[in-house]
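J.: Encoded as C-alpha cells, here's the structure I'll be asking about.
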Amino acid sequence: MQAIKCVVVGDGAVGKTCLLISYTTNAFPGEYIPTVFDNYSANVMVDAKPINLGLWDTAGQEDYDRLRPLSYPQTDVFLICFSLVNPASFENVRAKWFPEVRHHCPSVPIILVGTKLDLRDDKQTIEKLKDKKLTPITYPQGLAMAKEIAAVKYLECSALTQKGLKTVFDEAIRSVLCPVVRGPKRHKCALL
C-alpha cells in the first residue's frame, strides 16, 4: 500500500483540525483547541488504489513558527488552508504560508483550501464581516490566489456539513499519484 504524507498548514482557527477530525471520524468536533501537532492516519481508496494517507496537523500560531517546519520533511503534498470568512487568513496565504512552504519544500505540490464554506452564506457571519467593512472570500478570489501561488488545485469545503471535504483529500492524493510536472522534477521535502 502506498503511503502519502499530507501536511495541513494555515492560520490559527481557520479549521485545520476540524477538517482532519471531520474527515477521519465523520464527526464535527466541539470546542476550539489550538494544536501543537497531531497525526491522523487514514486508509483510503482513490481511483481503485489503496492508499495510507498520513495526515499531519500543524499549529498556525506564531509561537510555533520555529517548531512547525519540523513536520515538513518527506511531505508529499501540502494543504494550505484559509477561512472563507476570515480575509486576514486569506491574505496570509500569500504573506506567510506560501513563502514558508516553498522555502522548506520548493517542489512539493500545494492544494489551496477555503474552509468554513457553510458560513460564507450565513447572514450573521456576513453581518459581522460587514461591521468591519469586510466580505467573505469568493470562489474567483480563491482561484486567483491558487494561480498566483501555483497551487495544483483550489477547493472549498465545510468540515461541519462535510460538503467538498472528501474531494479535498482525494485531490491531495491525486496530486501525488498523478503529478502535474511544472519545471524541475518534484522532490520530497528535506530540511538541511
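From the backbone N, Cα and C atoms, a Cβ is placed for every residue, glycine too.
Predicted, not measured: the structure shown is a model, and the values here were computed from it.
Copying in the features that Swiss-Prot gives for the protein in this structure:
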BINDING   10-17, 57-61, 115-118  GTP binding site
LIPID     Cys189  S-geranylgeranyl cysteine
MOD_RES   Cys189  cysteine methyl ester
MOTIF     32-40  motif 'Effector region'
J.: Which of the three DSSP states, helix, strand or coil, fits Thr58 (GTP binding site)?
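T.: The residue in question, Thr58 (GTP binding site), is strand (DSSP, three-state).
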J.: To which of the binding-site residues Ala13, Leu117 does the lowest count of other Cβ atoms within 10 Å belong?
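T.: Sparsest of the binding-site residues Ala13, Leu117 by Cβ contacts within 10 Å: Ala13.
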J.: Across the motif 'Effector region' (32-40), what does the mean pLDDT come to, as a whole number?
T.: 65
J.: Here the binding-site residues are Thr58, Gln61; which one has the lowest number of other Cβ atoms no more than 10 Å from its Cβ?
T.: Gln61
J.: Looking only at Cβ atoms, how many others are within 10 Å of the one on Gly10 (GTP binding site)?
T.: 27
J.: Which of the three DSSP-derived classes (helix, strand, coil) applies to Ala13 (GTP binding site)?
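T.: It is coil.
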